[in-house]
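Trainee: Annotation comment: TrEMBL describes 1-149 as region 'Disordered'. Annotation comment: TrEMBL describes 117-134 as compositional bias 'Basic and acidic residues'. Under the heading domain 'Cyclin-like', TrEMBL lists 197-281, 294-375. Residues or ranges marked as domain 'Cyclin C-terminal' in TrEMBL: 290-395.
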């Protein structure tokens, strides 16, 4: 039968089977979780040796996982099997994060690793096509301006000196002499040498300039190229050539009677004047012929040669006037070779950049002619040709 309402039945609620055990296990699990959180092997524990960028890659993931774990422990809704699975998942996540960090660090250092093989295979940098490659060039000594110190001298014509010699170099091509002696029926190279030796004596007796002698020999050679001459008139050609050259070069040229006198009155006045007209007409009055002596003085100035060195070069140059083998040489090349040989004989060095600039010749271009001059100086000369050696014997 039902109980009366006043009577209250006190029911003792039985504990939920397994609850106490679950609570104990949850508390134990909470303690283990706290120990896991403070473990030195945890990402949030004590410092650990790892790669340079490891902390930046997986720290936030580990923190997020630990936060979820603490929330599960507080609620107490996790079973023992779940707690074991979470611990296994935690250890797996740690291994995955470490592997990711190890895989990510080499990927970040990949550019440096890729650049090393390229640097080993091809150490030469790629050249820019627009960039000019600077090759090592040997320093060239500066060329001296030899006319700079004479700009105030109105007689030196320093402003036009370079242009004058350039013009003379151009005119050389017009006055190149061929081998004309084979076309002469009655004269020989020995006769020409004896005539030039006599002309040197005339120049010294009349105290004429060196330019007069060189120009007279040039006038004679160019006339013999075009006109056959007999040997009995050869001295008349030589004396008339000196007369024309002295009128062109000297301030006070000798008179006609003086030239008749030095010829021992072998010719008449009319013959001398007729020969003068013949030479001028044959050469078409173009008698400003480049001569070696003008170039020699110019080149000696470039080399700052002493009077002794210049005199030696003059001696070599005048020896070539007698030798027919030097007739076809250019005047500038002959002058440069004579000066180079004189510098070598005096041991004053070689061909400087200044000499190369003003002469227009390199040493290689002069070597053959220098050897030819050296042979002329040393071989047994003709005893009949004494004027040049006697002229320079006292200097």
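Glycine too: its Cβ is placed from the backbone N, Cα and C atoms.
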Trainee: As a quick check of your reading of DSSP, tell me how many residues in the domain 'Cyclin-like' (294-375) are helical, how many are strand and how many are coil.
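Mentor: Each residue of the domain 'Cyclin-like' (294-375) counted once, the result is 64 helix, 0 strand, 18 coil.
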Trainee: Determine the mean pLDDT over the domain 'Cyclin C-terminal' (290-395), rounding to the nearest whole number.
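Mentor: It averages 92.
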